[in-house]
């Protein structure tokens, strides 16, 4: 974890601008993810002629690479400093675009082209884990550990914004100039971000002996489990709300997803200081309660308005879960290990979103679509109970956690 430079307290607009000046690098990395997201499956299946399996694999490779490389990103950020990790990650985003470009140029050799696409996706996954983890830690190093929750919140806001912006823009660029034009745009985005990052002042890496990975995992896994359980609610809404509306014979599934996103972002903007004021665990328990009510409303909905209110509440409830628990998780380890702690904590969400779809699909095929929302509410209730137990633990078992309140 970087050591923040002592300076007068930041607040309000100046604080947010300072954070945004760093998390914009994560925005750039996620823009390189969003731009090809709606293009590559159709390109692999319809243009290159490969099966739907390969189309799905090309997309999934990035997520697997992110999952496997994220703990290394946190550890190297602790050892080398977050700026170097961010630049390294952005270089990976640039190389992914180069992979797409060469894949487009070798379209007459489908197997070679597919391998180059896969290589680009793997490099992108590694780049994103380094750029995302590094930008969070860089932001904390710039504004101080008191504002960890706000840095995490802004990082997630720019993530969703980049993905929402990137997908439609990617389709436009692809129709305009094909895969090669899209690849050049991706390379340009990454290159501009690299050139903006290099001149920025370096935040020093923390001094001290790092804890072994097993020790870091032992400090944060309970917070990660609570996050993973709560993420199931997000997973079933993002993956199956369209199918839920189809089964019910309703229109407006896309609007429901928009409501979820607006509630998610709006809650973070409305309550930027909530974690500092009442503590991460308290905020998490409030969020779990709201998310449970929302998921239950969706599960028992007999009218479209009930489902929409439920989705809105679920989005608002899930919004602050990641930063609220993350603040406590990273403060459960010494400062020189907080990068590894944040990365390890984030892996639990990655895993949860990876397994929620298949498991919910099995439950849905057995008991129907609405049941998955009731089951997700039950998982969030377990997260609420787990967080309540964590709050009741003696303070010495979660060092520095109280400082977030």
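Each Cβ is built from the backbone N, Cα and C atoms, and glycine gets one as well.
Per Swiss-Prot, these features apply:
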- 19-39: transmembrane segment (TRANSMEM)
- 47-67: transmembrane segment (TRANSMEM)
- 85-105: transmembrane segment (TRANSMEM)
- 129-149: transmembrane segment (TRANSMEM)
- 157-177: transmembrane segment (TRANSMEM)
- 178-198: transmembrane segment (TRANSMEM)
- 224-244: transmembrane segment (TRANSMEM)
- 252-272: transmembrane segment (TRANSMEM)
- 283-303: transmembrane segment (TRANSMEM)
- 309-329: transmembrane segment (TRANSMEM)
- 344-364: transmembrane segment (TRANSMEM)
- 366-386: transmembrane segment (TRANSMEM)
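Fewer than three CB pairs closer than 8 A are found between the transmembrane segment (47-67) and the transmembrane segment (252-272), and contact between the two stretches is not assigned (pairs 6 or more residues apart). Only sequence-distant pairs (6 or more apart) were considered; of these, at least three Cβ pairs between the transmembrane segment (129-149) and the transmembrane segment (19-39) are under 8 A, so the stretches are in contact. Within the same chain, the transmembrane segment (252-272) stays apart from the transmembrane segment (344-364): fewer than three Cβ pairs sit under 8 Å, each pair at least 6 residues apart.
For the transmembrane segment (85-105), the list of distant contacts is 25, 28-29, 32, 36, 73, 76-77, 113-114, 116-117, 119-121, 123-124, 126-135, 137-138, 178-180, 182-187, 189-191, 193-194, 197-198: same-chain residues at least six beyond its ends, Cβ to Cβ under 8 Å. A Cβ distance under 8 Å defines the sequence-distant neighbours of the transmembrane segment (309-329), meaning residues of its chain 6+ beyond its ends; these are 148-150, 152-153, 156, 219-220, 223-224, 226-227, 230-231, 233-234, 237, 241, 256-257, 259-268, 271, 274-275, 279-281, 283-284, 287-299, 301, 341-342, 345-346, 349, 373, 387, 390, 398, 401, 404.
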